[in-house]
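Here's the structure, in structure tokens; my notes come after.
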Amino acid sequence: MRVSETPHLSDRPVLVVDFGAQYAQLIARRVREAHVFSEVVPSTMPASEMLAKEPAAIILSGGPSSVYAEGAPSLDPALLDAGVPVFGMCYGFQAMVQALGGTVEHTGLGEYGSTPAQISDTDSTLFNGQPSDQSVWMSHGDAATAAPEGMRVTAATSGAPVAAFEDDERRLYGVQWHPEVMHSTFGQRVLENFLLRGAGLSGDWTAHNVVEALVEQVKETVGDKRVLCALSGGVDSSVAAALVQRAVGDQLTCVFVDHGLLRSGEAEQVEKEFVAATGVDLVVVDAREQFLGALAGVSDPEEKRKIIGREFIRVFEQAARDVVGSAERDGHPVEFLVQGTLYPDVVESGGGTGTANIKSHHNVGGLPDDLQFTLIEPLRLLFKDEVRQVGLELGVPEGIVWRQPFPGPGLGIRIVGEVTAERLEILRAADQIARHELSAAGLDREIWQCPVVLLADVRSVGVQGDGRTYGHPVVLRPVSSEDAMTADWTRVPYEVLAKISTRITNEVREVNRVVLDVTSKPPGTIEWE
Ligand code: XMP
């Protein structure tokens, strides 16, 4: 499949040069929180290519190396001479010091973690309006001991005599610490001061402007052709679809495969609420019987995933053929397929151009390569929280915009054992109670997601009323996480757990035990299968 052009969100982006730390994406997000558009570029990109993007400013990120280490990523001094405002952080700061003729030394006084810093000029461009004592997040072994000529030193710590410098004339700035992390108390203010005061940017990048720009671009790309979208009910595909619908209206057809593995109320949310709110033209394929048939007798998790992926492709391809066929009869062939790829996938697969290498795991089985469509990925420059803002701007229902992650194979991988219609009903009922009580307790934002898992092949003895029961346990798996790569179990208050447990065992007849999963990831994954 080909990919249509990358969307364009600003003529003059702020470039975040990634020196190999895990911080570049976070910096890019923080810049955008200041309403300035930013893009991450690898430090291996030639300076000429960076400057050809006509950046409004350049930020040099932290990185794991010492500036002296062999093979340490280097900073081309051309970036500092181009008249573009530059802000270096941590490794980026030291690389600037070195490139401008200052001294970076291995002093033996490394600083790691929260560190007190003294600001010597609270009227300066970076520190205007802030206290002279602040807590900053450090992570350095080497330190700058002499500032480059012409640079004003504006902060120090006990391990870093030159902890910040500023040169308003050349518009070059730097701090030894990480202003992008929350632990640097005034970090966001320092960053905003650089962007708004140092670089003179206006901070007018908003969800409203993003929607306008993307709508125009989708219109231009699509022309009078037809577009297809596989709608899953998740945030990304829903917002992508709403955006394309806003741009080209009924030229878009969405296909929603109801595989019967969604949670209570979710299919209705897509079929009714989403359609009513966005006006999307939706084809619903009721494939519940087909999926159940294909899953009959299967307990192995990997096999279940494969079957669900395969059936999804079969059903979607058939529906796509029907849509394509009828569009062709109308003389408007379907040329495009919408995909809700996000910026982290793009950055992690090596940059802003080319096809994002989406983890197949995170797609319902992935779509086959031989579908002859050109992909449109209108969200490929946006982070998840921005996609949510864009969704709200487009009127996507809040229940979808704020939906927690839910796996493509759905409840199929939350039933340990064979998936049957009856077991799905049991799990849906228990899951609905857990979700309701967690929301009522105001825990939705604190919890990344809370799978409820039915141990369908396990039974235990219980007693209810006067009778002995022999029912199934369900597992509650509330986790807190930043990105699902690692996670910890959420310390849900006992009263909330008690309420969930009581309600599930009272209201779902087949369940006589509720247990809590207290395993972090690693070693446990978030899902049980
Ligand atoms: P694990 O279980 O690997 O899950 O810790 C990490 C995150 O990915 C979600 N997940 C999936 N999402 N298709 C998806 O779209 C899948 O096959 C799949 N498996 C896991 C999981 O819910 C969690 O957010």
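Glycine residues also receive a Cβ, built from the backbone N, Cα and C atoms like all the rest.
Because TrEMBL annotations are produced automatically, they should be read as predictions rather than curated entries.
For Cys90, the entry in TrEMBL reads active site, nucleophile. Neighbours of Cys90 (active site, nucleophile), defined as other CB atoms within 10 A of its CB across all chains, total 26. In the three-state DSSP scheme, Cys90 (active site, nucleophile) falls into the coil class.
In this structure, His178 (active site) belongs to neither helix nor strand by DSSP; it is coil. Proximity of His178 (active site) to non-local residues of its own chain (separation of 6 or more, Cβ distance below 8 Å) is seen for Tyr23, Gly62, Met89, Cys90, Val136, Trp137, Met138, Ser139, Ser184, Gly187, given in sequence order. The active site annotation in TrEMBL covers His178 (among others).
According to TrEMBL, the active site annotation covers Glu180 (among others). Glu180 (active site) is surrounded by 26 other CB atoms, counting those within 10 A of its CB over all protein chains shown.
Taken from TrEMBL, the feature ATP binding site covers Ser232, Gly233, Gly234, Val235, Asp236, Ser237, Ser238. Around the Cβ of Ser232 (ATP binding site), a 10 Å sphere holds 23 further Cβ atoms from the protein chains shown. Secondary structure at Ser232 (ATP binding site), taken from DSSP and collapsed to helix, strand or coil, is coil.
Per TrEMBL, domain 'GMPS ATP-PPase' is recorded for 205-403.
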C-beta crowding around Ser237 (ATP binding site), within 10 angstroms: 22
Tertiary neighbours of Gly233 (ATP binding site) (same chain, Cβ under 8 Å, six or more apart): Phe256, Leu262, Glu266, Ala267, Gln269, Val270, Phe274, Ile400, Arg403, Phe406
Confidence summary (mean pLDDT) of the domain 'GMPS ATP-PPase' (205-403): 89
Glu180 (active site) and Asp236 (ATP binding site), Cα-Cα, nearest whole angstrom: 26
Spatial neighbour of Glu180 (active site) that is closest, considering only the binding-site residues Gly234, Val235, Ser237, Ser238 and their CA atoms: Val235
